[in-house]
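Data block below; observations after.
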Amino acid sequence: MNISRWRIWGLSLLSVQMFYAAVMAKEVNDTKQLDQVRLEFEVAAQQKIQSFASELKRNLSKAIQAGGFEEGVVACKDIAPSVAAKSPTSGWKVGRTSLKTRNKKNIPDTWERSILNGFESQYSTGSDIKSLIGFAEHIEQQTITLRYMKAIPVDGLCLSCHGENVSAEVKKILDEQYPNDDAIGYKIGDLRGAFTLSQTIVLPVSADD
């Protein structure tokens with residue numbers, strides 16, 4: 001039977017949830033080829049997250065050193081989008097999202113929200129935030145779109161702008177830059193949100209086509 005399908009996972013080291021949906025379309029390639037595509041995507045996604053997080057933290061630290069946490073708030077508004085924009089153009093999209101957004105451009109879509117809710121549930125029952133990932137794929141004809149999410153824990157640097165005791169100076173700038181800010185009141189170790197990545201790949205035509 002020819003199919004186009006979404007396969008979705010919300011994963012941790014302790015638990016796995018799978019959700020499947022299928023509609024009619026064209027069958028593509030064999031299982032081994034798809035497994036290789038998935039593996040290469042996951043490895044690349046992890047590398048991109050590490051690079052994204054490192055560059056973001058490095059640039060934010062420089063801004064804070066230059067002008068304090070107030071400058072960090074202003075810089076962060078531009079740093080994250082500029083870092084994300086450096087992603088290769090080979091079908092990749094890289095960003096961050098959260099159930100409590102500061103920049104409303106990062107509001108989660110339906111799938112991202114479902115994964116974030118799953119992260120919250122797993123975190124509340126004791127799962128390590130650093131172990132929480134989500135994966136989805138959509139196959140249609142010769143194209144596969146892969147999606148990947150990895151949870152972000154709150155660390156000490158985050159608290160100056162996202163914590164429970166934000167200074168009056170920082171709060172003033174937050175109100176100016178983000179009048180509808182929801183991303184405040186966190187403690188170290190809380191679930192801040194997630195990195196979210198996707199890539200669309202055109203698969204080789206199989207010999208039987």
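Please read every residue number as a count from 1 along the shown chain.
Just so you know, glycine gets a Cβ as well, placed from its N, Cα and C.
No curator has checked TrEMBL annotations; they are predicted automatically.
Per TrEMBL, the features are:
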type   : residues : note
DOMAIN : 50-198   : domain 'Tll0287-like'
Discussion item. DSSP on the domain 'Tll0287-like' (50-198): how many residues come out helix, how many strand, how many coil?
Written reply: 74 helix, 35 strand, 40 coil
Worksheet item: Between 0 and 100, where does the mean pLDDT of the domain 'Tll0287-like' (50-198) sit?
Response: 89
